[in-house]
Structure formats: C-alpha cells, structure tokens
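Visitor: Okay, here's the structure, questions in a sec.
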Amino acid sequence: MPAYRSRTSTHGRNMAGARGLWRATGMKNEDFGKPIIAVVNSFTQFVPGHVHLKDLGQLVAREIEKAGGVAKEFHTIAVDDGIAMGHDGMLYSLPSREVIADSVEYMVNAHCADAMVCISNCDKITPGMLMASLRLNIPSVFVSGGPMESGKVTLNGKVKSVDLIDAMVAAADDSVSDADVEAIERSACPTCGSCSGMFTANSMNCLTEALGLALPGNGSVLATHADRKGLFVEAGHLIVDMARRYYEQNDERVLPRSVASFKAFENAMTLDISMGGSTNTVLHLLAAAYEGEVPFTMADIDRLSRRVPVLCKVAPSVADVHLEDVHRAGGIMGILGELDRAGLIDASLPTVHSNSLREALERWDIKRTKSESVRTFYTAAPGGVRTEIAFSQDKRFEELDADRAKGCIRDAEHAFSKDGGLAVLYGNIARDGCIVKTAGVDDSILTFSGPARVFESQDAAVDAILGNRIKPGDVVLIRYEGPRGGPGMQEMLYPTSYLKSKGLGKQCALITDGRFSGGSSGLSIGHVSPEAAEGGAIGLVEEGDLIAFDIPNRKVHLDVSDAELERRRAAMEAKGDKAWKPAAPRTRRITMALKAYAAHTTSAALGAVRVVKD
C-alpha cells in the first residue's frame with residue numbers, strides 16, 4: 001500500500017516546522033490526514049485561452065475540499081503562440097513546454113502533493129502538463145479552459161465565420177481593403193478560449209480525452225458555455241476519489257502511466273489522424289510518451305497514418321467548421337465512437353472516469369446513448385456575445401448533427417478521405433522523417449515537385465513571399481529553424497498564411513526543419529529530421545535543386561545524386577566551426593535560456609524532448 005506522499009511533510013515530530021508552515025496556509029489538524037491535491041492552473045492576462053482561468057482554480061479547489069481533500073493551487077507560465085508569432089518571441093514557445101513540465105515537477109515534488117488537477121488550454125501548456133503528469137505518475141485529471149467561439153463578420157453583405165488565420169491572410173492580401181481587414185481583426189477572436197479551429201491547443205485538449213485523462217467534452221464544449229462548469233466540478237470530486245483509490249486501496253489503474261498506455265497513445269494518434277489535428281501533436285505525443293517511458297515512436301505514427309481515414313474536417317482544413325460544430329456533432333466521443341465501429345481503436349482501455357472507453361462510449365457517443373442529458377450536453381452552442389467570462393451563456397442548438405454521411409463527423413463508409421489527415425514522409429532529405437497535415441492539402445497537389453528556394457530563416461522567406469519573389473511551382477525551403485538550429489523550432493504560420501494571401505496556397509510547397517502552427521494548411525512539410533543544425537541533408541540543398549513530394553506513397557526526394565550530396569557534405573564539414581550554421585548572419589538574440597535549451601534538445605523525430613546525460 002503506497003503511503004500518501006504528503007505525509008512526508010505533515011506527519012512526525014520532526015515535521016513540526018513544515019506543519020507550522022502548512023497551518024499558515026490555512027490547514028488545520030483534521031487536514032493533515034487528507035490527500036493534498038495540487039491544482040495546477042495557468043491563468044494569465046496575456047493569453048485569451050487563459051484569461052478566464054483565474055477563478056476556475058478556486059472552483060476546483062472548493063470541490064476538492066467538499067470531497068474531503070486539501071487543495072493547493074499554483075500557476076505555470078503560458079505563452080500565446082499567436083502573439084509570439086512572426087518575431088523572436090516564437091523562439092520561446094516550444095522551450096516553454098519543458099519549463100512548464102519542470103515547474104509542475106518542482107512544485108509537486110517540493111511540496112509532496114498526492115495528486116493533481118491540470119487546468120490548461122493553449123498550445124504548449126497542455127503538452128507541458130501532460131509530460132509532467134507522466135513523469136510524476138501520480139493521479140491526475142486534465143480539464144482545459146475550452147475552445148473560443150468562432151468569429152462572425154459581415155463582408156459584402158454576407159456573414160462569414162472567421163478566426164485569427166483569416167485576419168493574418170487578409171492583412172497580407174493587397175486586394176482586401178483596410179476596412180475589411182479591420183472588420184476581420186475585430187471579429188476573429190470574439191471570446192475567451194483557445195482559438196476556434198482544430199489548431200494545436202484544441203487538438204491537444206481533444207487528445208487528452210482519447211488518452212483517457214480528461215472528462216468527455218473536454219476538447220469541444222465552449223469556454224463560454226455554462227455546461228463547461230460541470231467538467232471543473234466533476235474534476236474536483238474525481239481527483240479525490242482517484243487519490244483514495246491509489247493510496248488507500250493500492251489501485252494503480254488510476255495512475256497516468258496505467259491509463260495513458262501504449263494502446264492509449266495509439267488511440268490518441270488515431271483520433272488525431274482522423275480529425276486532421278495539428279502537426280504539433282506529433283511532437284507533443286512523442287514527448288509525452290518519452291516522459292511516460294512508453295515506446296511510442298514515429299514508426300507507429302507512420303503505421304497508423306496508413307490505415308486511418310479522415311472522419312472530421314475542421315478549420316483550417318475547411319473554412320467554416322469550428323469546434324462548436326464538432327461539439328454539436330457529438331464531440332470527441334462522437335469521433336471515437338465512429339473509430340470504434342470501424343475497428344480502429346482499442347475501446348477496452350481504462351479512463352479516469354470510466355472502467356473502459358467502451359463503457360464511456362455507451363453513455364457519451366450520441367449514436368448509441370440513451371441519456372437525454374448527454375444529448376442535451378452536446379447541443380451547447382455559441383452565445384454570439386463578446387466576453388472574457390467563462391460559463392457566461394447557455395445557448396443551445398435546436399438539434400444535434402447526427403448525420404454521419406454528410407455531417408461534421410462522418411462514419412468510415414462516408415469518410416472525407418480514406419487516407420488519414422497526417423502523414424510521415426521519408427526520403428534522402430528527411431532520413432528520420434517529416435510531417436505533413438494531409439487534411440489541409442488540396443488533392444491537386446498531393447504529388448508536387450519544384451525548384452528549391454532556399455532561406456536560412458523564416459524572416460528571409462517572409463520577405464521573399466511579401467516581395468513577390470516566390471513564383472507558382474516553387475518549393476520554399478526554410479532551414480536552421482529546428483529545435484537546435486533556431487533554437488526553439490519556430491512555427492511557420494506567417495509564411496504559409498502569406499503564401500495563401502498571394503494566391504500561392506495551392507501552387508507552392510513549403511518544407512522546413514521548423515514546425516507549423518495548428519492554423520497552417522497547404523502543402524506544408526515540417527519537422528524535417530535530422531535538422532540542418534544536426535547535419536541533416538536539408539542543410540545541403542542549394543538554390544534550384546528539384547524537390548519532389550509524393551504524399552500517397554509517403555515519399556519526399558531531393559533530386560541530387562548521392563555522390564553530389566557527399567561532395568557537399570564534405571565541403572560543409574570543411575568549414576569547421578561554421579559548419580551546419582546559417583550562411584547569412586541572423587539578427588536574433590540567443591539568450592542563455594535558449595542556449596541551454598539548444599544544448600539538450602533532441603530531434604523533432606523524438607519529440608524535441610530534452611535529454612540530459614547522467
């Protein structure tokens with residue numbers, strides 16, 4: 001029987017000093033025998049996905065106390081990728097994932113917490129907390145802040161759904177008036193919550209449902225809707241029960257590593273492929289698997305991508321479908337239900353809320369549930385009122401979208417595509433693989449070839465695109481932007497958005513050892529491994545070299561002979577200290593924090609996790 005971790009600091013004569021400090025936080029004699037639950041919050045006024053979390057930690061804390069636990073809240077940092085995008089601030093985004101994971105470990109281990117509720121939402125916060133949960137392996141429940149309502153704007157007399165990607169594309173399109181750009185800007189992000197499409201934040205919050213670590217609805221019910229409050233209330237009660245089951249009944253089934261097993265990671269990746277999730281999820285699932293000592297690799301992702309169809313298409317893959325529409329169609333449990341019927345997931349696995357995923361689907365899949373309350377839950381609709389306040393509206397759709405032939409969520413027979421929404425490509429330019437979001441690629445360019453336009457930084461590529469120096473048929477290649485070369489593996493949302501704004505979204509490709517925002521679409525190939533800074537072949541590409549992409553056959557090929565590549569490699573190595581570094585100087589300032597990250601990070605093919613030798 002494992003002892004409560006917290007008793008290290010709450011029991012015994014020698015802990016009188018520690019108990020004195022606990023008493024100063026409000027604890028009383030009767031509290032020293034209760035489980036201490038960390039409420040890991042991430043409120044900040046910098047991020048719309050987190051502005052409404054300030055009071056939600058205390059909401060969970062009160063429910064923990066009602067259930068017989070002691071709640072102690074702390075906050076992690078949270079970077080807004082959209083605000084950090086397009087300048088050196090993006091160098092800090094991916095490294096912040098490790099900082100978040102470490103900070104959770106530091107706080108939870110330093111204070112001997114028994115379990116935790118993780119209140120996350122945006123891009124690197126959910127992955128960072130997930131990594132910490134699997135690293136610590138103490139009872140954990142995830143509850144996110146929820147998705148933002150989609151924006152609505154009237155242009156030329158027509159109402160259109162918009163998000164921040166539309167604002168970025170419009171701003172760089174000379175044919176769009178200043179007035180229309182401002183109208184889109186003002187409408188794109190109308191409420192608190194994570195941006196409304198299937199971008200990285202929402203993708204990860206959906207995947208926590210598939211991993212079994214979050215309650216049904218976590219990925220899809222809107223931040224503004226009153227129904228979301230129930231998730232926070234339930235999380236507070238559930239975590240106390242889980243702590244007691246583990247520490248008092250020796251029930252290891254509630255531990256993160258028991259729930260998020262190899263098969264659970266397969267389920268999560270299957271979901272991701274089926275809904276065309278962000279390519280960043282590949283990085284984050286690989287990193288979480290590493291922390292949990294789960295042998296889940298790029299090879300598994302490649303294998304799954306070849307058999308899983310696209311059952312759901314959401315912005316940015318399609319313009320007018322957002323998370324509120326996915327929720328109306330049954331949310332993530334609806335997609336998992338279809339994957340289960342197609343025999344593509346293992347529904348026997350446990351979750352934090354049910355004995356098995358199959359048991360959960362019987363209640364939460366709208367195609368099989370007999371519960372009217374569940375059906376009502378999935379009618380939660382946007383309120384259409386600008387607000388930063390959680391749970392502030394209770395609008396409902398008149399009916400569910402249960403059409404699995406033509407609706408938002410399809411069954412396998414009526415899939416949007418028999419080929420999955422993410423793919424791993426291999427070739428001489430990416431020996432260890434690279435990633436493309438196939439759900440966002442137009443069918444006309446699933447095979448594509450063109451001359452390389454080589455850039456040593458994202459900034460240089462942006463200048464060329466906006467300067468009209470990129471032509472139809474070009475392959476924009478951006479290198480030295482990987483985990484080590486950036487450092488920090490910047491997102492390339494601006495280059496992909498600007499290609500769209502120039503009318504080149506279906507006429508050009510972009511390949512990089514950096515990564516893409518969940519908002520990126522088009523023929524955008526990222527995570528090229530090995531990266532240029534590690535001696536990858538992407539560092540040997542020269543202007544005009546032909547690069548060919550064959551997504552159906554999972555291939556990418558640099559049309560340069562092996563002998564020529566070896567000659568170029570030898571010439572590069574002869575540069576000594578200047579080898580495998582940008583040829584042109586870059587103005588970015590690399591601080592000590594970024595240097596420390598670069599010194600220990602690994603390849604994107606490994607999730608860009610940090611490895612420190614013993």
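All residue numbers here begin at 1 and follow the chain in the order shown.
Just so it is clear, glycine is given a Cβ too, placed from its N, Cα and C backbone atoms.
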Visitor: Quick check: of GLU456, GLU481, GLU491, which does Swiss-Prot put in the same Mg(2+) site as ASP81, ASP123, LYS124?
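Guide: Same Mg(2+) site in Swiss-Prot: GLU491.
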Visitor: Looking only at DSSP and grouping its letters into three states, which state does GLU491 (Mg(2+) binding site) belong to?
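Guide: For GLU491 (Mg(2+) binding site) - judged by DSSP and reduced to three states - the answer is strand.
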Visitor: Name them in sequence order: residues not among ASP81, ASP123, LYS124, GLU491 whose Cβ is within 8 Å of the mean position of the Cβ atoms defining the Mg(2+) site.
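Guide: Once ASP81, ASP123, LYS124, GLU491 are set aside, the remaining close residues are VAL79, ALA84, MET90, SER93, LEU94, CYS122, THR200, ALA201, ASN280, SER517, GLY518.
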Visitor: Output the one of CYS122, ASP123, LYS124, SER517 that, of all these recorded positions, has the highest number of other Cβ atoms within 10 Å of its Cβ.
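Guide: Selected residue: ASP123.
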Visitor: If you draw a 10 Å sphere on the Cβ of GLU491 (Mg(2+) binding site), how many other Cβ atoms land inside?
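Guide: So the number of other Cβ atoms within 10 Å of GLU491 (Mg(2+) binding site) is 32.
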Visitor: At a 10 Å cut-off from the C-beta of ASP81 (Mg(2+) binding site), count the other C-beta atoms across all protein chains.
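Guide: The answer is 28 other Cβ atoms.
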Visitor: Rounded to the nearest angstrom, how far is the Cα of CYS195 ([2Fe-2S] cluster binding site) from the Cα of ASP81 (Mg(2+) binding site)?
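Guide: Here the two Cα atoms are 11 Å apart.
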